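Pulled from TrEMBL, these are the features on record:
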type     : residues : note
ACT_SITE : 142      : active site, proton acceptor
ACT_SITE : 299      : active site, proton donor
DOMAIN   : 110-373  : domain 'PKS/mFAS DH'
REGION   : 110-229  : region 'N-terminal hotdog fold'
REGION   : 240-373  : region 'C-terminal hotdog fold'
């Protein structure tokens, strides 16, 4: 099978979009490697994926191909549909900004974080970058409550990279304050590493900016000292019992965690007392080039915490004592152990038993949309009458009726022809 030869010829002939018709993508990664060797950019579309092979997946793949210039005949899939003209009403918006140049500056090698820039007159270092679900399609698979979120593991990946660039050993602490919702447009990221504090650690913060003002998403500290490396193993304890994971993602989907193929890395799990063990793997179509530890793979490791039980699955919220020991892993054997107050420690090794990643403490919490107190944009407002309570009657009221003196209203009160004839009125009604 001369797949590489055929791929080189097709790329040389100017083809940029390739569709793999199979139950799961197997050749896409090899095609991307061929394109990189030729210094060319190509886009691959998988007709179906592992654990995601229904008609909905197929139609989304067709839409993916369509948005990349492939002519699609939609009539067999949508026999009753018809093309309609785009709206031209007054509220239609059109941008007139100049087309942005390349998002990465020369020398940027990390997919999510740009090169370090030292600030004059201080010891602060700033990293900036721009990315979106268009430049990193795998991010669009991290869907929680109908929102595409930058996974918390991506913040940790950027912090680990910043630690390497600034001479630190790891991430002493990372606190995620506000989720970063990806709306499809470019997101500008700014990670600032400040000068050493009293302990020698270096505080840092992560901000983003889309179409609005800068917003802070995370804060933390980079550690200057290395932690002792604990003994690790890829061997299960003798009393470990298998945990069923066949319906793992179906259960998450039912509560709003609708992960796509890139974030469906759980392969097997076991339980031994209060400890959990899991095998996780990265989807074949997700590239790992430039990453310290791919966020989707580490996210799959964190998903194992869901197997510990609880009212609702959570997202990473706080990391402590996180260190990376090896790069480029696509599969991990993970051990999670209780670390107090609902947190767990994580130790991840590769298939040879080599330590890849460890964190002394990981705490998760349920996802809450940013600005949950605000009124949703699609709310339907109506006018309603709010009843007022009736006032309490005053005990010292006196009444008078303005009418002829001979009128009888059956009210038991005197009647007067004009107001001046009323001897005394405390309150008129």
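Keep in mind that glycine also has a Cβ here, set from the backbone N, Cα and C atoms.
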Checklist outcome for this item: Integer Å value for the Cα distance linking the residue listed as 'active site, proton donor' with residue 142 (active site, proton acceptor) is 10
Checklist outcome for this item: Averaging pLDDT over all residues of the region 'C-terminal hotdog fold' (240-373) gives 90
Next on the checklist: Counting by DSSP secondary structure, give me helix, strand and coil numbers for the region 'C-terminal hotdog fold' (240-373).
Outcome noted: 24 helix, 58 strand, 52 coil
Next on the checklist: What does the DSSP secondary structure composition of the region 'N-terminal hotdog fold' (110-229) look like, as residue counts for helix, strand and coil?
Outcome noted: 19 helix, 48 strand, 53 coil
